[in-house]
């Protein structure tokens, strides 16, 4: 842990002090945030800037830290202060730098909570991965500016960590519900869109856990497509309804078109089987209908979901009282249906995380060769021995491309802010996409291929899947979340996709900051390569440890990812600090490029 914090402090302190020396006045939205925080620090809690759209969580936190500094000086320990905690612009920005360090620690804690007992000893791997999350450019960039993003993400992750801990350690209903409700309310004080990650996301995970109560042997029979248990859509629905078992295979063994050719699983499944993602949805629905006639289980489910339902009800009451989701500037921040947001998410993720997607990016030419001959499907059927599996893929590709093009054509929204401010990188992305007109449609394959690569990466297992398989009793008390070693399951992937959709498609404005939480939750649950030899050392105490073997078995994707993220941060930081320009209408005032 100390190594990870130290590794973060080097670029963080460099970036913070560079911004503090160069940008001495509040920049862009900092003007509103800094002014509002300073009102709070002076005790003027009745003053509110109508241009601010988010709740006052960050300003209240700044006020609390400023009181802490006064207390520290009062007891004679002012000389021990490492960073200013006052309400000057430097002190307010320093609060976000502290928040980024805390975020690294919370991410590391999340890994340790989800890991199996054998793999939890690999602190160095989890530390490295947590460091990379903290280096995520849209987060790292705003760690030196007074914006809400760092503490907003930190509050959501803290709620998620409490959720996994509560189920792992079997907290009582009252303690678990009170903690989740309190942490959810705190998170909503930083940003309203966090509602989906503190209600819908955990509620979906808890729902799957409460519904899936059947015997492990029945579950294995469903996954093996045993006759009468999982050989058809009807048998899966019937088994789920009667025996309370969810059809929930790993992502690595699932196919969206139902034609699985993986040598690891379903090798004897019928080529015309139903799509695995659809089967999981139907299975969950059947289990939910199955408990409708069981009052005790229904009451237990309601009790487990109570904190999320109450939190959602309180948020709805706030909207009715306020008349809108946002507090100020309501005219420019009206919720609307914006489906292309889910298309933009995947190239965004692939850009920052290509080292983790590398195996699938290398397969992209193969995928393209499979998708391109749509016009000659019959000819392909004659040439290829695996024609039954090729045809559904071609038809699915055609369907997805058509659907994507229709979404782009009918629902592409360009907010006035997007093309009115050339200080943001998204301005140049949209200017490229909109001119000429056909480029927006030409990007459709990019959206689909990057989505495919990102979802498949959730199923990548670079470690022997049998070596550290969790004990069945351990699975019973945990939520259905990946443990940073094994493939994510379809239920988790569906909950993640549903939550990301709820957050993104209601926002008319496209901003990289809106994609922070979807990226963080996707990144947190990618399986890592656990060094097998070091774990084996615990069983064989006579074995000699060596740096060479440790290095050979380390997940080297993390090193490439670190270098890439540092390079992006260095580049965008340099541009922000030294590539300033001036607008004709505001001569003498430096404008800076930023996310």
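A Cβ is built for glycine as well, from the same backbone N, Cα and C atoms used for every other residue.
Annotated features in TrEMBL:
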SIGNAL    1-24  signal peptide
TRANSMEM  94-112  transmembrane segment
TRANSMEM  124-144  transmembrane segment
TRANSMEM  150-167  transmembrane segment
TRANSMEM  179-200  transmembrane segment
TRANSMEM  277-294  transmembrane segment
TRANSMEM  301-321  transmembrane segment
TRANSMEM  357-378  transmembrane segment
TRANSMEM  390-410  transmembrane segment
TRANSMEM  437-455  transmembrane segment
TRANSMEM  557-582  transmembrane segment
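Using a Cβ-Cβ cut-off under 8 Å and counting only residues 6 or more beyond its ends in the same chain, the transmembrane segment (94-112) has close neighbours at 1, 4-5, 8-9, 12-13, 16, 58, 61-62, 65, 83-85, 120, 123, 126-127, 129-131, 133-134, 139-140, 142-147, 150-151, 153-154, 157-158, 160-161, 164, 484, 520, 524.
Of the recorded ranges 124-144, 150-167, 557-582, the transmembrane segment (179-200) has the largest number of C-beta contacts under 8 angstroms with 150-167. By the count of Cβ pairs under 8 Å, the stretch nearest in packing to the transmembrane segment (557-582) among 124-144, 150-167, 277-294, 301-321 is 124-144. Of the ranges 124-144, 277-294, 301-321, the one with the most Cβ pairs under 8 Å to the transmembrane segment (150-167) is 124-144.
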